[in-house]
Amino acid sequence: MRPYLKIRNLELKTPLMLASGTWGLGENLDLYLTKEEIKSNIGAFVSKGISRFPKKGNPPPRLYETPCGLINSIGLENPGLEVFKKDYLPKLLSYEVPLIINLHGEEVEDFVALAEGFKEEKVDGIELNISCPNVKKGGLAFSSDPKGVKTLVKEVRKVWERFLAVKLSPVGPVYEIAEICEKEGVDALVVANTYPALGVIGLAPLKVIKGGLSGPAIKPLTLRLVYELAQKVKLPIIGSGGILSGKDALEYLVCGAKAFQIGVANLIDPTSAVKIIQEMEELKKKHGLFG
Ligand SMILES: Cc1cc2nc3c(=O)[nH]c(=O)nc-3n(C[C@H](O)[C@H](O)[C@H](O)COP(=O)(O)O)c2cc1C
């Protein structure tokens, strides 16, 4: 069967990817979906953010529901590169769907070391999470620093020849960074990560949770970014933000995305991937879209 989309070495059977962090490290995917459902509906699995060394993440509360959205403050808890490769990677590879590793670093050297650490593994690609603060720049997020992103992508490209995506933050000089990614040889842009947000957990004394907002609340905001970026850059765009249905997914595709990722949809219903692909295919036929 011809792939739905091929970007460099990455071959997607369907345009649907499971977004970083919303299926953890994939250990439980086969509790909810059969192997056949996984292979025929999921274009690619994106891992939770992996850092060089283990990270404990933030103390609870880590999740806060808002009308139409979810604030998460996980703090990128993960077992670190070596434990991930030894204890989690084999199961993820056994699903036989393309695997993209989401990388989290605090300086350029971390991302380079991570990319090098996956070179000998059978992973299909990496996705750089540039929403993290760059310690060497006093904690300024990579996503606020176009020069920093340029250096980051250049250095990672030197050691990584397979599929390379940058996951943009929706805030900051987004268009400038997208153009830099294009010039520096990135293969695709994931548009976009969560939006900085705050929830009030306690009124008196005041207790708040600060984190990233995802879910239907952000869909119109991210759709606009996708629509406008698709006219500015030639790089394939992978839309991510608030997709809960086949119609949501199709809206991203008609606005210029070549593929899409689902995040909180997985938390609401672990079988969402199958339902979204089915519904999207029916709608495509109904509207005579995409051949
Ligand atoms: C619980 C949770 C954990 C997440 N962890 C990561 C992560 O480790 N790295 C990352 O780049 N994005 C992470 N994200 C962001 C998602 O991958 C996705 O881009 C975002 O939630 C927007 O999509 P959605 O509205 O469909 O959820 C996380 C989101 C949630 C809800």
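Each residue's number is its place along the chain shown, starting with 1.
Glycine too: its Cβ is placed from the backbone N, Cα and C atoms.
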From LYS167, LYS183, LYS275, the one annotated by TrEMBL with SER20, LYS48, GLY49, ASN102, ASN129, GLY215, GLY241, GLY242 for FMN: LYS167
Lowest local Cβ density (other Cβ within 10 Å) among binding-site residues: GLY49, GLY75, GLY215, GLY242: GLY75
Of SER20, SER73, ASN129, THR194 (the binding-site residues), the residue whose Cβ has the fewest other Cβ atoms within 10 Å: SER73
SER20, GLY49, ASN129, CYS132, GLY215 filtered to the recorded positions whose C-alpha is within 10 Å of THR194 (substrate binding site): GLY215
Recorded FMN site residues SER20, LYS48, GLY49, ASN102, ASN129, LYS167, GLY215, GLY241, GLY242, farthest C-alpha pair in Å: 19
